[in-house]
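Asks: My questions will all concern the structure given below.
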Amino acid sequence: MGLEVCKAVRAADDLDLVAAIDQGDDLEVAAGAEVLVDFTTPDAVMANLRWAIDRGVHVVVGTSGFSEQRLEQVRSWLADKPGTGVLIAPNFGIGAVLMMQFAARAARYFESAEIIEQHHPRKLDAPSGTATHTARLIGAARAEAGLAAMPDATKEEMSGARGTDIDGVRVHAVRAAGLVAHQEVLFGTQGETLTIRHDSLDRVSFMPGVLLAVRAVPERPGLTVGLDPLLD
Ligand SMILES: NC(=O)C1=CN([C@@H]2O[C@H](COP(=O)(O)OP(=O)(O)OC[C@H]3O[C@@H](n4cnc5c(N)ncnc54)[C@H](OP(=O)(O)O)[C@@H]3O)[C@@H](O)[C@H]2O)C=CC1
Ligand SMILES: O=C(O)C1=N[C@H](C(=O)O)C[C@H](O)C1
């Protein structure tokens, strides 16, 4: 993703690439930058955010693994830097953002909802940040609508067979060579199902969203979660 972002920034007439930083490089080479883009690992991202916020450098983050606790930590760092903006998005694909919005909208009308995410086998985390975020959106919409727990008579299961439970929604993670990033949200109720599917077939799919965020973040002090407010 880092290489793809560098390519996209170089190709944009209104943006300059100040530095490309790999593991072990000194972050100070980015000190003159207006915006830092982080696609690293859940272990590395918080230190990078701290470094940038301390210097008033705006940040766009695609790295996955953001719990509510981590978001709160970022908010507290930003409280001391009121002019600085951070945008963290579980997925920069415009189609993926719409898939999550459509899933959140559909959730209240169906008894059952399950998520199947599919990714390339080099991915370090499971389930994906996108699937986790989608499950939380569906869980919140179901709670707001007062829906009961989903029907499921399973009594005996082999470990992992029913995926993992995130806010009451089962999430299944597939890893296979040839895949890029894909997700299906399967809804079911009496006599009908609805499947909402998104496919990133190439990593260029994330670049319009990343560039949109890079251009917008200096004008958005504080923490923005997700690309949604930039698409309204
Ligand atoms: N929000 C979105 O739309 C998307 C999010 N992602 C997420 O982005 C992250 C990166 O994905 P991807 O590019 O596929 O992963 P990769 O493993 O291919 O790349 C991560 C890179 O970060 C480097 N790195 C690790 N620690 C640091 C550090 N402290 N400073 C600088 N660089 C560091 C790694 O170096 P080394 O190889 O030496 O370990 C590696 O080159 C993942 O969390 C993924 O889930 C991915 C795609 C889209
Ligand atoms: O690692 C990836 O590839 C991706 N990671 C993000 C996630 O965890 O949701 C976004 C997209 O699915 C690609």
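Positions of Cβ are set from backbone N, Cα and C atoms, glycine also.
Not measured: the values here are computed from a predicted model.
Heads up, here are the entries from TrEMBL:
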type: ACT_SITE; residues: H119; note: active site, proton donor/acceptor
type: ACT_SITE; residues: K123; note: active site, proton donor
type: BINDING; residues: G62, T63, S64, A89, P90, N91, F92; note: NAD(+) binding site
type: BINDING; residues: H120, G129, T130; note: (S)-2,3,4,5-tetrahydrodipicolinate binding site
type: DOMAIN; residues: 1-92; note: domain 'Dihydrodipicolinate reductase N-terminal'
type: DOMAIN; residues: 95-228; note: domain 'Dihydrodipicolinate reductase C-terminal'
Asks: Name the secondary structure element type, per DSSP in three states, that contains T130 ((S)-2,3,4,5-tetrahydrodipicolinate binding site).
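Replies: DSSP assigns T130 ((S)-2,3,4,5-tetrahydrodipicolinate binding site) to helix.
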Asks: Excluding G62, T63, S64, A89, P90, N91, F92 themselves, which residues in that chain have a Cβ inside 8 Å of the centre of the Cβ atoms defining the NAD(+) site?
Replies: V61, I88, G129, T130, F206
Asks: Kindly report the helix/strand/coil residue split of the domain 'Dihydrodipicolinate reductase N-terminal' (1-92) according to DSSP, in that order.
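Replies: So the counts come to 39 helix, 12 strand, 41 coil.
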Asks: Mean pLDDT over the domain 'Dihydrodipicolinate reductase C-terminal' (95-228): what is the value?
Replies: 97
Asks: Just checking: which of the recorded positions H119, H120, T130 have a C-beta under 6 Å from ligand 1?
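Replies: Listed by sequence, the hits amount to none.
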Asks: Got a sec? Which of these recorded positions, H119, H120, K123, has the most Cβ atoms within 10 Å?
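Replies: Of the recorded positions H119, H120, K123, the most buried by Cβ count within 10 Å is H119.
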Asks: Return the members of T63, S64, F92, K123 (the recorded positions) with CB less than 6 angstroms from at least one atom of ligand 2, or none.
Replies: S64, K123
Asks: Restricting the comparison to the recorded positions G62, A89, P90, F92, K123, which residue's C-alpha is spatially nearest the C-alpha of T130 ((S)-2,3,4,5-tetrahydrodipicolinate binding site)?
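Replies: Looking at Cα distances from T130 ((S)-2,3,4,5-tetrahydrodipicolinate binding site), the smallest one goes to P90.
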